[in-house]
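Asks: Okay, here's the structure, questions in a sec.
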Amino acid sequence: MVIEKDFKDPRILQLKEEIKNLKLLLCQKETELSELLKPVAFSCCHGPSMKGASKEKLSATEISRYSRQMLIPKIGVKGQLKLKNSSVLIVGVGGLGCPAALYLAAAGVGCIGLVDHDCVEINNLHRQVLHSDVFLNQPKVDSAFAALRRLNEEVEFRTHKTQLSSSNATDIISSYDVIVDATDNAPTRFLLNDVCVFTKKPLVSGAALQTEGQLTVYNYENGPCYRCLFPKPPPPNSVKNCGDAGVLGTVPGVIGTLQAMEVIKILTENKGVLSGRLLTYDGLDASFRTFKIRDKSKTCAVCSESPTIKELIDYEQFCGSAANDKNPSINLLNPNERIHVERLAELLKTESENNTFIDVRSPEEFEMCSISKFVNVPINSLFFYNTSSEPLFTDLKLDTEKPVYVICRRGNDSQRAVQILKDLYSHLEIKDVIGGLHSWAKRVDNDFPVY
């Protein structure tokens, strides 16, 4: 039986500190090794394809390592050699990219490139299985390199610590045989599609949100590209990501693993590649469904016989959104309708009884963490009150004469809520808290959870 006081034993604390320092040292050494091996990885991946390379035999170690998959008739020695002499680029080393990279490295793909400009955050760790606490605040590509190299040193890994853009995408992508789209934003999806069409690369695309995921393969043989299905980008505010809607870690694990499977089928030239079909996964009812999607469009702006787009464009401008999963700050209110978190702290301490404090996040978020004296009124519920002002505060048993201060996660929804409340209660002083709970955690309460 483990007793809590045992964790205060100075020997245990000292050992934990030593382990932490060793992990940090390992992190530094792995990063140094990644930099030293970059020229080797470049020579491995360089060129339009590795399939003509002179790696014609498998070593005794490779035969032993990959024997279980080589026993499959549709893989065999020939299939394993194809994997060995192939290269794959994974764009995004997150929830989808981590399992995809893990299984492709384990399968013996000769060269794997990793593209990501982000650093590891603690809220990544429940789903991005290549990363760990020791690599917090370190580049994701370095963390992934360290984990993958521990798994299989026979594979060459190349890291691209950059954000994919119109200026660098062609140079990076042209060096690989198959591209894995493990991103979660519209500009990068359109960019990847277009450059894959121009460079004639298959694009294995996956997505995961909450408890659902989907998967397909674009630009494979005579199948459709992404633009054949989606000629125009979605409205910027209509696209949810994991940071907003959440995701159960196992869902991108499933989809990322299936992406690796599609890559292996393509590289080993097996049938059944998911081109022209869309696979969907529902984690809650444990169901997989496959649907036929549109054929290659004869009027596609990129892949048709008479394309109207013949070079890479500004994809952030085209989509009206940033090529990342960060939420941009908005400014809907005048400065006199807003307060800083420091002022909120003063009000809570000295004048809490004279004010009303409303948190407009979802009930799930409010349950995770909240500031004392705040009442949860989800922003979606505000829309139901329309012009009838009385029920809202009556239902919540709130004073209709006290000033109101509204907070949310980042300071965007609170501004929208203030606008709604001002329409309902024009006589009241109603203000939002700039920067929301993220700012509160940064500038007032450093122990407040950030998510």
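From the backbone N, Cα and C atoms, a Cβ is placed for every residue, glycine too.
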Asks: If TrEMBL gives Gly95, Asp116, Asn123, Asn124, Leu125, His126, Arg127, Asp184, Asn185 as binding ATP, which of Lys82, Lys140 does it give for that site as well?
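Replies: Record source TrEMBL; matching candidate: Lys140.
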Asks: Does DSSP put Cys303 (Zn(2+) binding site) in a helix, in a strand, or in coil?
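Replies: Looking at the DSSP assignment, Cys303 (Zn(2+) binding site) belongs to neither helix nor strand, so coil.
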Asks: Could you check which of the recorded positions (Asn123, Asp184, Cys242) sits closest to Cys300 (Zn(2+) binding site), going Cα to Cα?
Replies: Asp184
Asks: Under 8 Å Cβ to Cβ from Cys242 (active site, glycyl thioester intermediate), same chain, six or more residues apart: give me those in sequence order, or none if nothing qualifies.
Replies: Gly95, Arg127, Asp184, Ala208, Leu209, Asp325
Asks: Where the record says Gly95, Asp116, Asn123, Asn124, Leu125, His126, Arg127, Lys140, Asp184, Asn185 bind ATP, what is the longest distance in Å from one Cα to another among those residues?
Replies: 20
Asks: If you measure from the Cα of Asn123 (ATP binding site), which of the recorded positions Cys225, Cys228, Cys408 is the nearest?
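Replies: Out of the listed candidates, the nearest Cα belongs to Cys408.
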Asks: Can you give me the residues near the recorded Zn(2+) site, meaning same chain, not Cys225, Cys228, Cys300, Cys303 themselves, Cβ no more than 8 Å from the center of the site's Cβ atoms?
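Replies: Near the Zn(2+) site, beyond Cys225, Cys228, Cys300, Cys303, sit Asn193, Val197, Tyr218, Asn219, Pro224, Tyr226, Arg227, Lys296, Ser297, Ala301, Val302, Ser304.
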